[in-house]
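If you look up TrEMBL, you'll see B:23-44, B:64-86, B:98-124, B:144-166, B:187-210, B:230-252, B:264-284, B:304-325, B:346-366, B:386-406, B:418-438, B:569-588 (among others) marked as transmembrane segment. Marked as domain 'Cytochrome oxidase subunit I profile' by TrEMBL: B:25-497.
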Amino acid sequence: MKLTKAQALVLIAISVPVAIELRTVAGFFNVELPLIAVAVIEFLFLALLFVLYGLYGEGSESAA
Amino acid sequence: MATASGGDEFVDKFPDEAAIIKASFLIAFVSLGIGAFFGLIQALHRTNVFRVIDSADYYTVLTGHGVLLAIVFTIFFLCGVFHWAVARSLDRPAESALFSWAWVGLMTTGAVLATVAILGGFVPNLGMSADVLFTFYAPLQAHPIFYIGLAMFIVGTWLAGADWFLSYRAWRQEHPDERIPLQTFMVLTTMIMWYISTLGVAVSVVFFLIPWSLGLIESVNPLLTRTLFWYFGHPIVYFWLMPAYLLWYTVLPKLAGGRLFSDPLARVVFVLFLLLSTPVGIHHQYLDPGIAEGFKFIAMTNTMFLLLPSLLTAFTVVASVEHGARQRGGEGYLRWLGALPWRDPAFTGMALAGAMFAAGGFSGMINAGMNINYLIHNTLWVPGHFHLTVGTAVALTMMAGSYWLVPQVTGRKLYSRPIGLLQVIMWFVGMVFMSNAMHRAGLAGIPRRTAEPQYQNFEFLTPIGSIFELRVQIALGGTLLFLSVVLFLFNILLTSLGEESDRPVDSYLPEPLSGPEGSPRILDNLTMWTGIAAVLVVLAYTLPLAGIIQNGGGLFGGGLPVPATVSAGVDLVLTTVTSAFNTLWGVVA
């Protein structure tokens, strides 16, 4: 299945609440996650999404 | 459910109704623009990021934000949607276009008067202001024009309801044995709920607040006006929500490529809302004196029961959307999500609104619980909650729905779907920041309804992160939300200025998978449901109101600044302390 721009945009939107609440979830396990760590994780997610879009996005040849 | 097929467009079939709907939407969107601008000012001011007004004017801005968005925008929009839904589902125009214009005119005049009174707060020399916040009960007092405007606005909504009931009556005479079409059923049950619940605010405004603001009576019973406000003030939540539900039940499955899962279940949900929406308002008054704990408990129980129709909606709408995705070739446990039409801003906006409503429902359960409410009462948690419900579930659904409805009533193609998509995503992200930070700030104890939420020599503490981060989140969220509204208005404006199209949208609505024939006929007995709803209201409110009037200095407060029950409590404490002191003094002496 191709990853469309709209799907990528929705995934980015959904990642925002997940990133914001990541520290709360980590807190349940007594892990104090600094804000910068959350920013890095979100950045890595966006980078991954960017790569996936390049590989499987609309217009890419490798898309099924 | 009556259907309209492509090529037989709403604007061509019902030109008078389309004009009414366009007028309603226009006023709704103008209110949205002003209200959102006020929201931006508030977000930046409260967080101390950027201040362009004096803190004293914050309350004018706050009142404008609340009234223009939560009353004028939402209700004008829902009137447009309901007018569309009744004409479409009954497949007939309104009985009198003149009557329809009468309620539009009355509501508009009322909204303008109330807005003028609010904006008068910026010009002190004018002697006119209405800095009474959205919750306009005593002891805060507004200029009479504010209350008169609100009264006209409410009467306008009553006439709008009468318009739809007249259409239904005419349809019924021609179709004596048919089931009420689903969309009309939803409109009628919503309006019955609205008639019952607005009695409270009408009595409060007409008999107490207008005479008081005109100086005809010296005082009012503050607890009485407060209780009458909340008698209407919580059901209005469902007046906002039920049009959103109408769109989720009847339009969202179609946009997803499928059909509504169950028409009977949708009817049950709307009947439950009719029964349970009104006898719950006292849950806003857990910390008020003068109301017995037992009645607060009844309000809590009724509120918790209201979770049932919301949960039924969540499962039914998601099932319908999943059905649509599978019709489009979606497979697997979760992979079907990828088959949904995410490019369509109408679908994506409504879907994201529904997802955020789930979070709003959970925080609402906290508000409704008597014991845990004490933790968050009057903190920023509460605005966080209603920015998820009315601010997202309702407002985002209305904006997303506009992308599908405005082309229908204007006969023009949507100007830009990509801008629409960006707009709904931006609203979602902005509201994530804002509501998340508000909920957290509320848990930290930061108060609501104040321009200066900080205290001298006192620091609020958060278990995770810092108050600074929360303030940044609120400011960022408010900015994104405002930009989102600008994009929305830009898109809608250019749509309405565009060239006419033969087929602006596919306006056909498919039949439900399980149709109305599968539901008991008693569900259509609106007289009976109205009677039961009235009985529940009498049970929940008669004794509390009698107690408030008896103990609060009568209907007009008897000149008392506060309810008598508070004075009695203070007297009791004073007597006890004095006698204890005398006893102690006797022992010492």
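Each Cβ is built from the backbone N, Cα and C atoms, and glycine gets one as well.
Quick caveat, the model's predicted, so the values are computed rather than measured.
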Long-range neighbours of the transmembrane segment (B:23-44), counting only residues six or more past its ends (CB under 8 A): 50-53, 58, 61-62, 64-65, 68-69, 72-74, 76-77, 79-80, 83, 104, 107-108, 111, 115, 395, 398, 402, 405-406, 409, 434, 474-475, 477-479, 481-482, 485, 488-489, 492
In contact by Cβ distance (the transmembrane segment (B:98-124), the transmembrane segment (B:386-406); 3 or more pairs under 8 Å): no
Proximity verdict for the transmembrane segment (B:64-86) and the transmembrane segment (B:418-438), three or more C-beta pairs under 8 Å: no
Across the domain 'Cytochrome oxidase subunit I profile' (B:25-497), average pLDDT on the 0 to 100 scale: 96
Stretch among B:98-124, B:144-166, B:187-210, B:264-284, B:346-366 sharing the most Cβ pairs under 8 Å with the transmembrane segment (B:230-252): B:187-210
Stretch among B:144-166, B:346-366, B:418-438 sharing the most Cβ pairs under 8 Å with the transmembrane segment (B:187-210): B:144-166
Outside the transmembrane segment (B:264-284), six or more residues from its ends: residues with CB under 8 Å to it: 182, 185-186, 189-190, 192-193, 196-197, 200, 227, 230-235, 237-238, 241-242, 245, 249, 291, 295-296, 298-300, 302-303, 305-306, 308-309, 312-313, 316, 367-368, 370, 373, 512, 514, 516, 518-520, 523-524, 529-530, 532-533, 536-537, 539-541, 544
Same-chain residue ranges lying at least 6 outside the transmembrane segment (B:346-366) that approach it to Cβ under 8 Å: 244, 247-248, 251-252, 255-256, 304, 307, 310, 314, 317, 321, 340, 372-373, 375-376, 381, 384-386, 388-389, 392-394, 396-397, 399-401, 403-404, 420-421, 423-425, 427-428, 431-432, 435, 439
